[in-house]
């Protein structure tokens, strides 16, 4: 997290505030997302729900596929790279995407190091499930944070847990009385004292913080906005439903009018069959289940 480059990159991410970012796997889906009012799309070859089932190593998408989506819409396009895989990031940056997501949804390439994002011109998005994780990613140069949630499940509870935890930890740290106490917490979080102080003074992260992971309905999106998120990522929920066009528009409307119950009632009606999903509690380590939110450090 350094100087003017970071200000520019975090400023670009600020432009997405209040919006919805949708996962898409084809140019046709990207066009649906754009028409529905999405502020950006995430181009990837498989949505998280399908990645969960495959059991395969998940890598960055084919650059040609990403380029085809970039050529199909006028809104910003994001693409995912594996945690720690700075060469995938170099390739995606050369493709001139608008944002890169260093994502726990893909199979990590490095189990001890995240990408040094300050070395790139393109803004990075990273997931976090608590304040320390968010600040470590920001210190590496992330211009945007999202809750990890539990991607591909349609179960919003992990995303709710993560945004509540970050908010509560900021409030708790604001109660610290001495410089020594603040320094101790910063050391425990493995971040500079100056970064933690900046958060405590502002009462929020220095970058936008979107909700992600398990968002499947307009009500889910509005819930996370009311809990303090700056916007919403929607992955598997849209195109695993029976009426993606209607649902995509409804989620955008709910994100915009998140504090208007009458509008939320209107956009939540007659949506067709929603994503079936998988409950968080059914993903057990005993049965070799993998919780994607636990990937990262």
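Yeah, the Cβs are placed from backbone N, Cα and C, and that goes for glycine too.
Pulled from Swiss-Prot, these are the features on record:
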BINDING   23, 152, 214, 235, 236  D-ribose 5-phosphate binding site
ACT_SITE  80  active site, schiff-base intermediate with D-ribose 5-phosphate
BINDING   164  D-glyceraldehyde 3-phosphate binding site
| query | Could you give the maximum C-alpha to C-alpha distance in Å for the residues 23, 152, 214, 235, 236 that bind D-ribose 5-phosphate per the record? | reply | 12
| Between residue 23 (D-ribose 5-phosphate binding site) and residue 80 (active site, schiff-base intermediate with D-ribose 5-phosphate), what is the CA-CA distance rounded to a whole number of Å? | 10
| said: Validating a neighbour-count step here. Other CB atoms within 10 A of the CB of residue 214 (D-ribose 5-phosphate binding site): how many? | reply: 32
| Including all protein chains shown, what's the count of other C-beta atoms within 10 A of the C-beta of residue 152 (D-ribose 5-phosphate binding site)? | 26
| task | Quick one: pull the CA-CA distance for residue 164 (D-glyceraldehyde 3-phosphate binding site) versus the residue listed as 'active site, schiff-base intermediate with D-ribose 5-phosphate', whole Å only. | result | 25
| query | Of all the binding-site residues given, 23, 164, 236, which has the fewest Cβ neighbours within 10 Å once its own Cβ is left out? | reply | 164
| field | Proximal residue to residue 80 (active site, schiff-base intermediate with D-ribose 5-phosphate) among binding-site residues 152, 235, 236 (C-alpha distance) | value | 235
| Conformational class of residue 214 (D-ribose 5-phosphate binding site) under the three-state DSSP mapping | coil
